[in-house]
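What follows is a short report on a single structure.
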Amino acid sequence: MRKIGVLFGGKSGEHEVSLLSATSVIEALDREKYDVVMIGITKSGQWKLYEGDVHNLADGSWEKTAADIEVSDLKKLADFALPVLHGPYGEDGTIQGLFEMLDVPYAGCGVLSSALCMDKVSAKKIFERMGLPTARYKLVYAEDVKDDLESVVKEVEAELPYTLFVKPSNMGSSVGISKVRNTEELRAALALAGKYDRRIIIEEGINCREVETGVIGNHKPEVAAVGEIVAKLDFYDYTAKYTDDAGTELSIPAKLPASTYEEIRTLAKKAYMALDCSGFARIDFFVDKDTGQVYINEINTIPGFTKYSMFPLMWKEAGVSFRELVERIVDLGYERYYAKNNR
């Protein structure tokens, strides 16, 4: 029986989201096929082996009874790593590098693709190079914001018109993101984003619909149904995404013209391949309400698996159950490992 190590928690600002996602994933794993090993990472970075009730993950009480372990113990405890870690230190290539060093097969994207997808600026540069549509943007540095905020503000305003979105380049789940309409809001947004990353990306605001789709696969990826997020708040922020089911409406499949729907699915596969993704990922898009133009927003290599999450819901619409989805992700991880190591 395969011993699947499910990793959750982590040092990022998305620690709590990871606990919610991991609960769903652990519950979905078939105990007749897998021996599930629960490995938690505290906010301080301590690794722990947890053998209690999975329902104690969400409130954090699992830490009270979990035993400290060393990072290197992973190879002894599990045959395969299934990281359910959102944000930095989870989906940015760092823990994937650890799995590679330990020679442990794992689910999801590899080191390079994880790092590229996590960093919005790097991903956009590749999309541009590949001729894939992406919204206009400007890169600034947190150090420059601290040293001469007014000069940075003037540069941004000279290049991009309001409304703008200001984001940390290397962060997920809408953490540190602000929608700004004027100079005062821009100043505050730059300061906020700079708390999370040294690189800050400022994107043009598009009067758009926010849609996304899921992709699974290695060499021959498959694309799920397309879903739309209808945010009742000003935009799809962290609260709407994970904590407030009244903050959004999810429309699956998205009500789009057939040509636009298929364009999104085609672009999703191209973006997935452009950043050398494998295993699974969620691709987010903007559709301009005025022109119908489709823009790639970003790729999430470990999308949310909570009850509010679009990724499993889009695959459900495509005929793939939650349990089957998790099993396919595990199988794809083994497939890539064996192919890479000629086994």
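Every residue gets a Cβ built from N, Cα and C, even glycine.
All annotation found in TrEMBL is predicted automatically rather than curated by experts.
According to TrEMBL, the protein carries these features:
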ACT_SITE  E14  active site
BINDING   K120, 165-167, 173-174, 203-210, 297-298  ATP binding site
DOMAIN    124-331  domain 'ATP-grasp'
ACT_SITE  S173  active site
BINDING   D284, E298  Mg(2+) 1 binding site
BINDING   E298, N300  Mg(2+) 2 binding site
ACT_SITE  S309  active site
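All features noted in TrEMBL, drawn onto the structure.
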| residue | record | Cβ contacts under 8 Å, 6 or more apart |
| --- | --- | --- |
| K120 | ATP binding site | K167, S169, N170, I201, E298 |
| V166 | ATP binding site | I177, S178, V180, L186, A189, L190, L192, A193, I200, I201, I202, E203 |
| G205 | ATP binding site | Y162, T163, L164, F165, K179 |
| N207 | ATP binding site | D288, K289, D290 |
| R209 | ATP binding site | E228, A254, L256, F286, V287, K289 |
| D284 | Mg(2+) 1 binding site | E210, V211, E212, I296, N297, E298, I299, N300 |
| S309 | active site | S21, P303 |
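Put plainly, the recorded positions E14, E203, E298 were compared by Cβ crowding within 10 Å, and the winner is E14. The Cβ neighbour count for N297 (ATP binding site), using a 10 Å radius over every protein chain in view, is 23. For the recorded site, S309 (active site), the DSSP three-state label reads coil. In the three-state DSSP assignment, the secondary structure recorded for E298 (Mg(2+) 1 binding site) is strand. Secondary structure at K120 (ATP binding site), as computed by DSSP, is helix.
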